[in-house]
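Each remark here refers to the structure printed beneath this line.
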Amino acid sequence: MNSLSSSSGWQGGSGFTKLCKGLAVVIIGSSAVVQIIPSVIPYVALIPARTIPFAWNLITAGYIEQSIFQAVVSTIGLLFIGRVLEPIWGSKELLKFIFVVNFLTSVCVFATAIALYYITTKENYLYTPISGFQGVLIGFLVGIKQLLPDQELSLLPSFKIKTKWLPSFLLLLCILLSFFIEESASYLPTFLFGAYMSWIYLRYLQRKPETSLRGDPSDEFSFSSFFPGAMRPVIDPVASLFDRMLCGRSQVTNDSSDGYTLGATSLPGSGPVEASRRRERGARALEERLAADGLVGVGEKEDDLSHKDAAENV
C-alpha cells in the first residue's frame, strides 16, 4: 500500500498532470479559434442538421467552448479534477474515459435533438450549435463518486457534501436552473447524458488490470445510488433491466466461486473482498490528493486511513 503513489503513476506535489495540461491547451486553443473566426463553428460544433456528412462533429464538439467563461470553467475543472483521477486510473485510461464519454454524450445529444425536432417541429433543435466539455466534467464527478463515495468535502465554510452526491447535486442544480434560465436548458442534455454515459462506462466497460475484469458491480455504485434512499425501491426494478441487457451474457467460469452476482449473472473474481480492496486503493490515493488541496480535514483523513488499514489487515 505504501507504494501506491509510484505504482499508480502518482505525480508528486500538487502540480497538474501532463495529459490534463495538454487537454487544457486543446480546449483553450480551440475556443480561442472560434472566438476569432466564428465561421468555423458549423464545422466543429455539433449541429444536428449538419452532422451528416460532418460526422466528426460528434468528436470535436466536446472540446469546443463557445464563450470565454465556459472555456475557463472547463479548463479549471479539467486540471483540478483530472489530477485527482489520473494517478489512480493512469493516463491511458483517463484519456480513454474522456474520449468515450465525450463521443457517447454527443451521440445521445444528437439523437435527442432529432427526436425533439420531430416531436415539436421546431427547427432550432436542428440548427443550434452544441458544444462543450461539460459532459466529461460531470463524468469526472461520477468517477470520484465511484472511488470515494463517503468522503466529505468542505466546499464552503458552512456547506459540506459527500462526494457520492456531487453528480446528483450538480444535475439537480442544472435542472432547476433550466426552468429559469433559457441558456441553461441547452446544456442540460449534455450534463444528463455525460453523467449517464460515464456511469455506464465505469459500471460495465472499464477494464480493471488487477482483476482482468470490466466494470464495477458494487451496490455502492448502482444506478439507484444517485437517488435518495426513498426512491430506490422504485428505481431498482427499472435499473435491473439494464443490468440484464449489459451483463446477461457474461460467462460464468469454473473459478467463479469467489464471485458474487449482479442480477442473475455471477462475476468471477469480483467478490466483496477484492472489490473492497480496489475501492480502498483508490480511496487512499484520492484522500491524499484532496488533503493536499485542503478539502479534507486532518482528523477525518486519519480516521478514514485507520479504518482502511484495519480492513486491509483482515
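Yeah, the Cβs are placed from backbone N, Cα and C, and that goes for glycine too.
The stretch that TrEMBL tags with transmembrane segment, taken from the ranges 125-144, 225-244, is 125-144. Taking every listed stretch (23-47, 67-85, 97-119, 125-144) in turn, the largest tally of C-beta pairs under 8 A with the transmembrane segment (187-205) is reached by 125-144.
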